[in-house]
Each structure stands twice: as structure tokens, then as C-alpha cells.
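Residues or ranges marked as topological domain 'Cytoplasmic' in Swiss-Prot (evidence: sequence analysis): 1-275. The coiled coil annotation in Swiss-Prot covers 6-26. Taken from Swiss-Prot, the feature transmembrane segment applies to 276-292. Taken from Swiss-Prot, the feature topological domain 'Lumenal' covers 293-383. The annotation motif 'Prevents secretion from ER' is assigned in Swiss-Prot to 380-383.
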Amino acid sequence: MVVTFLQDLEVLQDALLNNLQKLSAISRRKESGESKHDNKDSFAAIANEHNDEEEEIEFEDLVNIIESKVSDFESVLKCSIVEMTYKYPELKLQWEKSPRYDQCDKLHIVKLDKQMNEDIYAQLVEELDFVLQFVDWFYCYRLKVKEILRQHHKRDLAWNDEKRDRAIKFHAVDYDKLHQGTSSSSSLTSTSMEKASTREKLLSKTKQLTNNLVRGNQILQSGILQSDLNLDELRAQTNSLTQIDDKYTQFETVFKKTADLVKVLENASHQEKRDVYLSLGFLLCCVSWVLWRRIFKLPVKLGLWLLFKFFKGILVTLGLVKSYAGSSSSLQAPSLVLNAPILATTTTSSATSVEPFASVSAVSSIQRAVDEAVDRIVSHDEL
């Protein structure tokens, strides 16, 4: 891309040189024409004024073309400098254009990291050398153009003064011819002296007015040059503001994309957090279930059975509930499930102290109920 900009600079350089040669040729032709006009009479000078006007129009057109080409050259040169800065991140350049045409421009190397590849560094140095050559040539070109314009302006002022002096002399001769009489020599002498004094006064007044006009013209020319410089600065600032606006637009797009990405990450983070909480809750439920089945289930059931047995004993003592000793094995099974070891010890002692009417079948049924209760406890003691 930098090579493309350098090629564009070479094309603009050739065009500017051609226009400068044409401008110099017109300036030299006008200078030689003025020297020839000095040797001719006033009538011949008036006859050649038409050619001078055409050359002046051509000169102004060339000046306008050169100004547009200079602006294009400056823009392309700035683009090449910016492109070099983007192409080589280790390099940072800053072009300082001189506010005056007689002061050289400056190209500051703000940052340069020499710790890079040798081939890349050599290419960078070569392109930087080309850019420096174009910067120096651009300064010399502007200086040459300003010098030609200043000489042209001086020649125009001198030519205007010369035309004015010739016109004054021509009218003075006509005035002498018209008012020449046939009076005596003394009257002619006095009249010629009076005419000479009048002519001198007229010349002095005319020169004074001319000087004032020249001074005003110089002020206007300086104002025009200053306006041109201000316009150039405004164009440069406009280009800079346009580039800054483009960069801010790119930054805004990047910030919007970043904000969208942050929102997506936040939503994903909330979802992951919710999943983690659900996983922890499920883990706590599983641990609680294992603790209940392995540790807390039997003590809780035993405590409830003892509590119910205690209140049942109180109710039986108070006579509110009747005790049925001859209940079936199916009704005694829940109590035998909880205190199977106690029944195992009490059955041997009760076998000797049982009433005479207890039969062997009742004892066997109780043992079967105890065995079934123990088997039920063992079979249900799992997750």
C-alpha cells in the first residue's frame, strides 16, 4: 500500500514539475517582452497589451492548477506517512508542516524500535528515505513557486509604474502642444516654467497616489496569501477531522460488539451459577437421604415407638385403654420389629412363668413373627 502511495507521489511530482516549467517559461517570456517594450514607443506598447493579457490569464490558470496539485500531493504524502505508521507498529512518524514558505518542513520520528527483523528494518529504512526525499522536494517546490510568484508580482508593479510614467509624459507633451502660443521669448520662458512646475506637482501627486495604491495592493496580496495559507490549514484540519471521525466510528462499532459479548458472557455466567446451585442442592438431598437411611432412621423410629409405648402405658394404667394379651401375631409384629432382642430374652423366662393354659402353638407363632420382623428389617435396610 505504501508503494502505491509512493507511485502516486511520483506521478504528482512529474505533473508539478511540468506545470512549474510552463510557469517559469511564461515568467521569462514576460520579462523579455517587457525589456523589448522599453525600446518601443508607447503606441507599440499599447498594441502588445492584448498578448500580455492572454499570457496573464494563462499564468493565473497555471497557478490555480499548481495549487490544486500541491494540495493533492500534500494529501497523498500524509496518507503515505499514516500508512507507514500502520504497516510498521514499531514506527511512529509525525509530519510538521512549516507555517511559512521559507522554513523547511519537519518529519519527526516519534518512536522507532530497532529490535526487529533485518529485512523488515531495511525495507522500512528504504521507504522512509523515499518519504524524506518527497518531503524535502515538496518544500523546495513550494519555495520555488513562491519565488516565481513574488518576482512576477514585482515585475507587474514595475510595469504598471512604467506605463503610468509613459502615460504622464504622453499627456504632458500633448498639453505643451495644445497650449503653445506665439508670445515672446520671456512669456514663453515664464509659461514653460509655470508648466514645468505644474507638471512636477502633477507628477508628485500622481506618484504619491501610485505609491499609496501600490502599498494597498501589497497589503491585499499579503492578505490573499495569508488566506491561501489559512485555506490550506483548514483543508488539512478537515482531512484530519474526517480521519478522526472514521476512527471514532470504528471504535464505536468495537465498543458495541464488546458490550454485546459482555452481555452474552453475563447470561452464560448466571446460567452456570444456577446449574451449580442446582447440583449442590441435589448433592445435599442425596447426602441427607443416605444419612437418614443409614443413621437417623432407626433411632427416630425407636424414639417414636418408646414415646407411644410410654403414653400407652399411662393410658392403660389410667384405664382409658384395655390391654389385650391374646392379640394375634400380626398385631404384635411392629413391636417385635423394634425390640426383637428383648423378646428373645423374655421368651425363655416367660416359658417357665406362663399361665398353665398357654400352648406351644402360641410360642411358635411368636417366634415366626419375630423371624419375619427381623427379615423385613434386613431386607429394607438399603438405599
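Backbone N, Cα and C define each Cβ position, glycine as well.
The model shown is predicted, which means the values in this text are computed figures rather than measured ones.
Within its own chain, the coiled coil (6-26) has Cβ neighbours under 8 Å at 55, 58-59, 62-63, 65-66, 69-70, 72-73, 76-77, 80, 127, 130-131, 134, 137, 141, 144-145, 148, counting only residues six or more beyond its boundaries. Mean per-residue pLDDT, taken over the motif 'Prevents secretion from ER' (380-383), amounts to 48.
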